[in-house]
């Protein structure tokens, strides 16, 4: 009886000792493998002199801050430049090979062939419906027309700033603007915007909420409308929904990879809604109107100075992304 118990205890002790020995042996082997592996890695890393080829590549992901290539003093070699020009420019140039000519002129300023893209738009009104800016640097050429000052100003405000926008259902809800950065932006083939300000009892101030003909008209048959109303006051809106979309937008700050060049005109357009200031943004500039060949020669001559007041950013602009985040 007692012999069986002693035998069981002895077997258990032997098993424990054996397991302990096995675990220690495995631990020693693993330590040996790990230390030798780390030793090899350290030796290889000290001897190797490979370059990190990713360090000079342009960033194409989502990014809010300005991108600076600290390892290359010629960032234009890895950048793309888009020039947006009206159809009237190509008609005036009257040369089917003008893009190649201008590209070779850009080459003399450090921009390689294939890095400069030329994008034509019909006119300011049409460009306002679906602006698309996809290059690292984007320069929009706008020919000044006295009857298009408001359109040019609103388009420049849209392009030179980043906006965070959300859809508006004007048939169901009232809306109010919270501060100066809050605007209602409408785009479409024909936008007519009417507003009716409301008091604290949601009754119309100078208008009837049930009669849109009594609303105040702020835009008629426009392609692009940036509506600014009294902050903190609710409004009932009437919008031509069939041909126009409206969004509630917040201006986040400057879009620093875009510059607007005004062609002609006595003064640079003011894109700020604040009447108490006369600001001058470096990325809104003007060149004298002569012939379009002269305009492009001037742009080529000053391209590097223009780019220096800009920042290379990854965020692109198109009509879909604009509505939610630019």
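Note: Cβ is positioned from N, Cα and C throughout, glycine not excepted.
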**OP:** Taking Swiss-Prot at its word that 228, 229, 231, 301 bind Ca(2+) 2, choose the one of 132, 177, 262 listed for that site.
**Re:** 177
Subject >> Rounded Cα separation (Å) that holds between residue 196 (disulfide bond) and residue 231 (Ca(2+) 2 binding site) >> reply: 13
Original post:
Relative to the Cα of residue 244 (disulfide bond), which of the binding-site residues 95, 177, 231 has the closest Cα?
Top reply: 177
Original post:
Of all the binding-site residues given, namely 177, 206, 228, 301, which is spatially nearest to residue 165 (disulfide bond) at the Cα level?
Top reply: 177
**OP:** Can you grab the distance from residue 206 (Ca(2+) 1 binding site) over to residue 241 (N-linked glycosylation site)? Cα atoms, rounded to a whole Å.
**Re:** 24
